[in-house]
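Engineer: A single structure is presented below for examination.
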Amino acid sequence: MLLVLLVFAMNLTACTNTKTSSSSATESASLSELHFDTIMSISLYGSDKAALTEIINEAYDEVDRLESIFSAQLETSELYSINQGIAKGQTSFVISKELTEVIDYALKVNEESNGALDITIGNLINLWGIGTDHEKLPTDDEIAAALVGTGCEYISLDKETNTLTVSSENVQLDLGAIAKGYAADLVKELILAKDSSVVGLLDFGGNIMTIGSKPDGSNWKVGITDPLDSTSVYGGVSVSDLCVVTSGNYERYFEENGVRYHHILDAASGYPADKGIISSSIIGASSIECDALSTACYCLGVEDALALINSLDGVECVLIDNDGNYYTSDGIGDYNFTKAE
Amino acid sequence: MDLNKKDMKEMKKADSSKDKSKEKSKASTKKIAIILSLLILVIGLGAGLSLYIMNREATDGSYAYIYQNNELIKVVDLTNVKEDYEFRIDSEDGGYNIVKVTTDGSIGIIEASCPDHVCMNTGFIRNGLVPITCLPNELVIEVKNSKEDSNLEYDGVAQ
């Protein structure tokens with residue numbers, strides 16, 4: 001009798017700490033923190049809860065380090081100091097390896113997308129101030145002035161020497177469209193270097209990165225926010241060891257005279273992108289690639305965005321237009337996209 | 001060696017006292033066993049009860065977890081809210097957010113000192129799909145364990 005009761009009590013206590021799983025990932029740890037001006041969550045599954053918690057803390061240290069390089073707002077960041085230098089007429093900068101990699105990637109996608117992703121329009125972003133205390137609807141003249149001397153043709157990169165050359169004082173670099181994606185790639189690498197058996201899910205302000213499959217071996221189900229009702233899910237995809245990144249008009253915006261002005265600015269017009277897409281989601285292995293392409297596709301419109309994604313290997317997309325209709329790239333079937341009811 | 005009557009008597013006396021102490025120790029072992037059984041039964045029932053409560057919360061309850069500066073400062077029960085109510089959260093640097101909880105189990109920010117009002121634009125939430133975030137005031141509201149969440153098939157939501 002004593003033995004039965006003892007076993008019963010022990011089982012109950014154990015159930016509160018241990019997840020049922022068919023794999024070795026029987027423990028989990030999860031932590032949310034504010035970084036990169038957004039909320040981030042890291043959830044990991046493995047065999048040792050204390051070790052998982054330690055890895056998560058190290059992951060957030062890495063996020064902090066990367067923020068101190070890429071933030072356009074932090075006055076102590078490397079990017080802030082470069083932008084200050086450009087405004088004062090400095091043309092050549094020896095930059096960190098990380099900044100070289102991200103700018104190099106941005107230039108590549110700028111070319112692929114015919115200029116849809118442009119990291120040189122910091123002045124235009126500041127002029128609109130969307131999501132800040134000085135957000136306003138600028139005049140056409142102000143917008144035209146902010147676009148003068150901007151464009152990726154004004155910057156060049158020597159990857160051998162990590163040297164950035166800028167030939168226009170009006171260039172202000174803003175890496176908001178890709179830095180979080182790069183951070184997710186690096187954090188995933190760090191986690192797997194610490195323990196290659198760990199699986200999990202990183203949510204970097206809505207950029208989802210999955211590590212391996214779910215603890216039970218099945219695929220992760222990742223939802224895509226409904227742009228017409230951002231507290232609901234529009235549909236979902238089924239992925240393993242991939243990321244899903246969405247750009248939408250509901251993230252940061254202000255409204256004036258019944259018009260919504262969102263934060264994804266079209267470098268060609270100087271206004272919030274308005275080519276008919278209100279949500280653009282990219283699925284692929286590299287988070288920086290998905291992050292860059294989601295912004296580029298948003299600015300391109302349905303037809304050009306589908307053409308771009310279909311021309312690239314290893315990435316797929318789900319685009320949603322103003323009326324709530326969706327369009328998918330040719331290979332989306334691999335990820336079993338299903339529209340929510 | 002012969003034993004005299006006195007010795008025999010004393011031995012008998014000793015035997016009977018041994019028997020008595022044996023009976024006493026038997027009784028006390030039984031007592032300990034009963035106490036231990038009861039103790040384990042209580043622990044077992046306690047563990048069972050806590051497990052039941054936890055499971056009940058995971059399926060039936062709906063709670064909003066409010067974090068400020070990455071620390072949990074308040075948990076709001078969103079189930080069976082009899083009347084809409086509001087409360088204010090002040091931040092260390094003088095900022096504030098006014099939070100409203102409604103009878104339909106939703107929670108939202110209706111007034112805030114932040115310049116961007118992203119937190120207010122998020123609207124009212126009742127499930128774990130999207131958190132409410134006020135970056136200037138470092139405030140995050142997440143809904144967990146809602147009925148809707150228990151039916152959710154999504155592990156994460158891209159936004």
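Keep in mind that glycine also has a Cβ here, set from the backbone N, Cα and C atoms.
As the structure is a computational prediction, the values presented were derived from the model and not from experiment.
Got these off TrEMBL a minute ago, pasting:
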BINDING   A:A177, A:D291, A:T295  Mg(2+) binding site
Engineer: Write out the long-range same-chain contacts of A:T295 (Mg(2+) binding site), meaning residues 6 or more apart in sequence whose Cβ is under 8 Å from its Cβ.
Structural biologist: A:A116, A:L117, A:A177, A:I178, A:S247, A:I264, A:S280
Engineer: Check the DSSP secondary structure of A:T295 (Mg(2+) binding site), expressed as helix, strand or coil.
Structural biologist: helix
Engineer: What's the number of neighbouring CB atoms sitting within 10 A of the CB on A:A177 (Mg(2+) binding site)?
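Structural biologist: Result for A:A177 (Mg(2+) binding site): 25 other Cβ atoms within 10 Å.
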Engineer: My understanding is the cutoff is Cβ-Cβ under 8 Å with a sequence separation of 6 or more in the same chain; which residues meet that for A:D291 (Mg(2+) binding site)?
Structural biologist: A:A177, A:I178, A:K180, A:G181, A:Y182, A:N207, A:V245, A:I282
Engineer: Starting from the Cβ centroid of A:A177, A:D291, A:T295, the recorded Mg(2+) site, name every other residue in that chain with its Cβ within 8 Å, sequence order please.
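Structural biologist: Close Cβ neighbours, site residues excluded: A:L117, A:G176, A:I178, A:G181, A:V245, A:S247, A:A292, A:L293, A:S294, A:A296.
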